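Features reported for this protein in TrEMBL:
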type    : residues                    : note
BINDING : Arg38                       : pyridoxal 5'-phosphate binding site
BINDING : Arg60, Ser61, Gln68, Arg276 : substrate binding site
BINDING : Arg234, Arg361, Lys426      : tRNA binding site
MOD_RES : Lys247                      : N6-(pyridoxal phosphate)lysine
Amino acid sequence: KGKCPEDGWDESTIELFLHELAIMDSNNFLGNCGVGEREGRVVSGLVARRHYRLIHGIGRSGDISAVQPKAAGSSLLNKLTNSVVLDVIKLAGVRTVTTCFVVPMATGMSLTLCFLTLRHKRPKAKYIIWPRIDQKSCFKSMITAGFEPVVIENVLEGDELRTDLEAVEAKIKALGAENILCVHSTTSCFAPRVPDRLEELAVICANYDIPHIVNNAYGVQSSKCMHLIQQGARVGRIDAFVQSLDKNFMVPVGGAIIAGFNESFIQEISKMYPGRASASPSLDVLITLLSLGTSGYKKLLKERKEMFSYLSSELKKLADNHNERLLDTPHNPISLAMSLKNLDETNDAAVTQLGSMLFTRQVSGARVVPCGSVQTVNNYTFKGFMSHANDYPCAYLNAASAIGIKKQDVDVFLKRLDKCLKTLRKEAKQEKSINEISDSNTATEQLE
């Protein structure tokens, strides 16, 4: 049926299935005689076993989704993977999605592929409207495709950074709709930035007949992000949305899913990919979803949501204990931010020092964001880089509840963070005392 099984398969069943697919490829035929330049020859047995002897990759030179006659097993693997992944995207909340395909590139290059496909539809266009998110790969994806990003600064609402819809519409009018390739929006992001106002952006795109590409990097794991995409497509226009395989399905880095609501456009994107492609990302995600089944994946989504609530409540308690606060970002369903205002005021270097202290204590994924850092990316200068705004009111620390996180991860993180903050506070007091003594001695000397 081309759907993800409800109950996961055991490993031996999955391996039997993959071996059955592999013997359908010509390089594994007993009497095969190959006289071409690409015959699926692999010299290392270890490499052959690692890929279950599915060596031919996917697609043909002109279309990544095309069936390769001498690789019937690999082609079937590709078709089944795309079908199973589509089923899971619907399960995760985008019920009206019509088609998708796995592409062996990470999210940034997959976005570039989408932009390059749109170039043929809009030959005059040279601008991409991009509500700012301080993440390099999505910015570079536009530059690599040869377009000029038009950065729309976010607006501060309480603690949250939200889409400036008026600025988006004003920029469309100023540049002219025909000169704009698309609007490039984002769902999953680091707090205090929250997902873009997708419904409103989708309506603007429909009104001005401008394509809309959504960077949904790690949004499949969030029912809220998927709901935004579903609603955006219902009330307006979303041409494609792109998500990472590793972040959403816990497989090695190297693959993404390009999905959409117009089958012909998604097919155009797949035909834009030059040459054949590695089957590795498709193989990884198919094995993972067959082992989990829909019940296993639903369980992971449920656990992630529960861990988000736990992380939020515990991080708030820790923040209160250190005279800081958990920033109020109710529209962000994955990432949290805790202010570091007192730390920042105590010592300029203390905020970045906290980041290095956490890293050396094996806390990965937590981001410490100081105020006022400036960074240039591809000749574009961003003030306040990493904070998604020129002048965010305070320094802060990020932590996320992503799929696969365990209670032990949260508890260990909070324990180490608490210890680091206490150490920094103690050092700050000692430094203050030394400075006070030094000032007192200087004053005495002046009097004498």
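Here the Cβ of each residue, glycine as well, is placed from N, Cα and C on the backbone.
Automatic prediction, not curation, is the source of TrEMBL annotations.
One way to see the shell of the substrate site is to take the Cβ centroid of Arg60, Ser61, Gln68, Arg276; the remaining same-chain residues with a Cβ within 8 Å of it are Gly57, Ile58, Gly59, Gly62, Asp63, Ala66, Gly275.
For the binding-site residues Ser61, Gln68, the greatest number of Cβ atoms within 10 Å around a candidate Cβ is found at Gln68. Across Arg60, Ser61, Gln68, Arg276, which the record gives as binding substrate, the greatest C-alpha separation is 10 Å. Farthest C-alpha pair in the tRNA-binding residues Arg234, Arg361, Lys426: 55 Å apart.
The most densely surrounded of the recorded positions Arg38, Arg234, Lys247, Arg361, Lys426 is Lys247 (count of other Cβ atoms within 10 A of its Cβ).
Put simply, of the recorded positions Arg38, Arg234, Lys247, Arg361, Lys426, the one whose Cα is nearest the Cα of Arg276 (substrate binding site) is Arg38.
Cα-Cα distance from the residue listed as 'N6-(pyridoxal phosphate)lysine' to Arg361 (tRNA binding site): 23 Å (rounded to the nearest whole number).
Arg361 (tRNA binding site) sits 47 Å from Arg60 (substrate binding site), taking the Cα positions as reference. For Arg234 (tRNA binding site) paired with Arg60 (substrate binding site), the C-alpha to C-alpha distance reads 34 Å. Neighbour density around each Cβ, counted as other Cβ atoms within 10 Å, peaks among the binding-site residues Arg60, Arg276 at Arg276.
It is 63 Å from the Cα atom of Lys426 (tRNA binding site) to that of Ser61 (substrate binding site).
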